[in-house]
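Asks: Take a look at this one; I'll ask things after.
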Amino acid sequence: MWLHHGVGTSHVGDVTQQGHGLMGTSLSGDGDVPHLGHLFMRTLLNGDVPQWGHLSMRAPLNGNIPPPLGEDITQWGTSLSGDTTWQSHPLGELGKVQSPPHPFCPPADLYRKVFVFREDPSDAYVLLQVQLERPMLNFTVCLRSYTDLTRPHSLFSYATKAQDNEILLFKPKPGEYRFYVGGKYVTFRVPENRGEWEHVCASWESGSGIAEFWLNGRPWPRKGLQKGYEVGNEAVVMLGQEQDAYGGGFDVYNSFTGEMADVHLWDAGLSPDKMRSAYLALRLPPAPLAWGRLRYEAKGDVVVKPRLREALGA
């Protein structure tokens, strides 16, 4: 018999119930192999009162099924990469097992708020959740930053298992930005910051290999980058650190210190009018990653605060 702890939804008539359950052998009577269809599930909604219903269950995205556990109970959840993870617990600890918390907060509207990265150097970062159905052949990333750093620092890092610099916005020194796609980059030289907010947008299209860079609502000369490339859709996305490995490999001397806001990622190129709208914080098209509906997890010394100094145009 398979015995494991999970999270499920039972449907009885028109009533939907959620809770933790003990799942036993399948309805088909096939012994130790659980049937990934309709199962009877005993939900312990109030801790003591068992209720029965049918559970519609799908196999995990990566096809993983837990091994026979004997006297163990397994708690399962989903990792950042979308893989299903399993954790065994002794049977005696059943009452202590809880469903895994979602690593990201509910979608938050951060209008006129900022992430403050307080330490220099720092190991802090902000993980962002973005769900893309397919690889990207076009994209645009925009954000606003406010810092007095003169050393190299990473702003936006999008890493896949195949390529840690799949998308990267990096500032190696004052007056210079590097825009990476698929591990290769182009450089855009800009005026040195005089203590003001900087709004940057970087856009790329695979068909032409054209990379665009906009600073404070103004376009810079376009450059060629990675024609014909596809940006992977399964990624770890973060602010404030450069990933030298999938989800890690940080160098604290490439970390960001300061304030960051208005982060967006579109799986499409934006028109010049929309690029200017992003700078002016006007109405923007829906985005897989949007500042007004952001799912994030702050790691380390990062706090959300009201914006004290307004960016020009924001």
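Cβ coordinates are placed from backbone N, Cα and C, and glycine is handled just like the others.
Just lifted these from TrEMBL, have a look:
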DOMAIN    111-310  domain 'Pentraxin (PTX)'
DISULFID  Cys142-Cys201  disulfide bond
Asks: Using a 10 Å radius around its CB, how many other CB atoms surround Cys142 (disulfide bond)?
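Replies: Other Cβ atoms found within 10 Å: 25.
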Asks: If one looks at the chain holding Cys201 (disulfide bond), which residues at least 6 apart in sequence have a CB under 8 angstroms from its CB?
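Replies: Same-chain residues close to Cys201 (disulfide bond) (Cβ under 8 Å, separated by 6 or more) are Thr140, Val141, Cys142, Glu212, Phe213, Trp214, Leu270, Met275, Ala278, Tyr279.
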